[in-house]
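Colleague: Pasting a structure here, questions to come.
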Amino acid sequence: MAHRCLRLWGRGGCWPRGLQQLLVPGGVGPGEQPCLRTLYRFVTTQARASRNSLLTDIIAAYQRFCSRPPKGFEKYFPNGKNGKKASEPKEVMGEKKESKPAATTRSSGGGGGGGGKRGGKKDDSHWWSRFQKGDIPWDDKDFRMFFLWTALFWGGVMFYLLLKRSGREITWKDFVNNYLSKGVVDRLEVVNKRFVRVTFTPGKTPVDGQYVWFNIGSVDTFERNLETLQQELGIEGENRVPVVYIAESDGSFLLSMLPTVLIIAFLLYTIRRGPAGIGRTGRGMGGLFSVGETTAKVLKDEIDVKFKDVAGCEEAKLEIMEFVNFLKNPKQYQDLGAKIPKGAILTGPPGTGKTLLAKATAGEANVPFITVSGSEFLEMFVGVGPARVRDLFALARKNAPCILFIDEIDAVGRKRGRGNFGGQSEQENTLNQLLVEMDGFNTTTNVVILAGTNRPDILDPALLRPGRFDRQIFIGPPDIKGRASIFKVHLRPLKLDSTLEKDKLARKLASLTPGFSGADVANVCNEAALIAARHLSDSINQKHFEQAIERVIGGLEKKTQVLQPEEKKTVAYHEAGHAVAGWYLEHADPLLKVSIIPRGKGLGYAQYLPKEQYLYTKEQLLDRMCMTLGGRVSEEIFFGRITTGAQDDLRKVTQSAYAQIVQFGMNEKVGQISFDLPRQGDMVLEKPYSEATARLIDDEVRILINDAYKRTVALLTEKKADVEKVALLLLEKEVLDKNDMVELLGPRPFAEKSTYEEFVEGTGSLDEDTSLPEGLKDWNKEREKEKEEPPGEKVAN
């Protein structure tokens, strides 16, 4: 009985059939039949259960397949509205809400039913769906691990191929003479039908331990040559060397795939880190797929600049503080029915603090601050600009209330209808989208827009109208009080000499730097620190600041530039002519220092202290022209010739003459009219006046310059001795200050102001007015309260 069961066991899946054969009459003895019947019933029951289980699996798979909607008809079964599975138990319909996530996970994982996303919209988490939407489903960490493991794999492959024992190559003749004829060959292995590896008889391996191999042209030729050779050597029967054919991987397949892998890796890296996606984290994968996304940065508590670090533009600062106060305390304005202005545009010359004021706004506002440059909207692809504008304002609405700052908005906000030559301009499309987003049907709420530009004259009028930019804030160069306040800000971190007081030093430096912008003031303070460090000084003294001012005004001092004695003498008399002419002209600027040491592009240098004023008379402009012509006149008087050194002087005189006649209406023949002079770099296609008027203007300019030149000749001819004394002392000392001029020429015959107190006399106070209106005195109070509140109360509010 046992051996029969064992035979049946060996038949595998034929147990039932074998038992049936044994149960027929005569198959087994009568005593064995009851046991076999019991075994038969057990086996058939198990087989039937196995068949039922297989049938159940097939039916379940079929139901899962049929539960999915046909391809292309997914939209007709949104969100599982095609009903539940028929095979789903009723208890699932009555499950509590807490068990729904698990049921959803099971249905989506198994692909059944219409309750999951498979019955409707495609799962957004699927990697291919994310890839099509421009979002690679691997973050930077996964990418780094992927490249690391790939590099390790290919490095291991290369290491294996380099260190793999390559054996020793021999020729057919060496194989015959040294191995086959001596009977040390056990067998020959034909590898990949390319070469033959020789396997030696045990105990007869070469001393170096390397196997030997030789190349073959073709397998048929090798077999014929081997058979012929063995016959010649008398090797017959079982003594003949067996030939084995094997296939091995020598790494050539992997090496052939390496270029493909490198190309794929490069494409993935390019897609993820394309030109439009560099530095963009968390918003798509960058590159070509996200070229329409905005490149704006959202700043939250990342700026260290505060309003206390901004000086010299108090009026503009108050305007911006009001925006911040509205976002922090809107009830103060809403109770009166006021609406927050949509935006403000900051205009003014370069370096006056427009971007710095925006940074201070970002540092003080307790709301998100979004910054973007106007040039970032325009790319080489058509339609990118409007798409980025839409994405930018969508980002702003998402973070509302917030402040949006567009720097250099003139790059995208230029007037429409210029320079397109009949073609559609991408810049115009971007501007149109910007206008719609700022004040159209899709207006923003609680989003304040700030913008900065140096050229408000070229902006489109539709961009500047109320409702888009309600306020235009002009930030001009600071006056003497503003410069003193700016100096106080930039003197804080500097290590000054113990004899210097910051307030007095700031006022003195402000009086020495008329016309300086905030950026120039910051540059002066930094240059003074660099000069002190260059001389290994322990602190910064007043002399360092004076040298820094000269460095900013005149440029780098070139002590190593060698001038010929004749050239040096010409430069000395040229600068002496400027100094003496200005000394004896009432409306000329007071002289501070004159030098014949080359600075910047010039061979000489004169520093004046111009009076800060906003209105100029005709006599004042004429005196300035005469002082500027003093160098050329001095050359002609003392040398009887003129040089090219007066080129810059003549340019300034010509500009002043044209401005008086064309812009200011200071000529009787041309009349009381004003035309705009073209800016440097502007394209002038036609003049706004006739040819006859242009000829008249040119004639009057020439007459005005000639009159100024004759007046200067008469003045310096009268003061010829003074010019010579100043020139000789310049040749001796190279640098003269105001005290030297007083010693040579006596006190200046006209009253002049030189100290800070004299300049601010009659203006009300010595310092800039930094007081706040009543409504803005507690503008930062809400933020301080939030800081004092414990975390639990803050969350509760």
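Positions of Cβ are set from backbone N, Cα and C atoms, glycine also.
Since this is a predicted model, take the numbers as computed values, not measurements.
Take a look at what Swiss-Prot says about it:
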- VAL310, ALA311, THR352, GLY353, LYS354, THR355, LEU356, HIS490: ATP binding site (BINDING)
- 85-100: compositional bias 'Basic and acidic residues' (COMPBIAS)
- 108-117: compositional bias 'Gly residues' (COMPBIAS)
- 775-797: compositional bias 'Basic and acidic residues' (COMPBIAS)
- LYS117: N6-succinyllysine (MOD_RES)
- 76-126: region 'Disordered' (REGION)
- 759-797: region 'Disordered' (REGION)
- 1-38: transit peptide (TRANSIT)
Colleague: Helix, strand or coil: which one is LYS354 (ATP binding site) in, per DSSP?
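Modeller: Assignment for LYS354 (ATP binding site) reads helix.
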Colleague: Hey, does DSSP put HIS490 (ATP binding site) in a helix, a strand, or just coil?
Modeller: helix
Colleague: Sorted by position, what residues of the same chain at least six away from VAL310 (ATP binding site) have a C-beta under 8 A from it?
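Modeller: Those within reach of VAL310 (ATP binding site), by Cβ under 8 Å and sequence separation of 6 or more, are LYS317, GLY353, LEU356, LEU357, ALA360, VAL489.
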Colleague: Far apart in sequence but close in space: which same-chain residues, 6 or more away, have a Cβ under 8 Å from THR355 (ATP binding site)?
Modeller: ASP407, GLY452
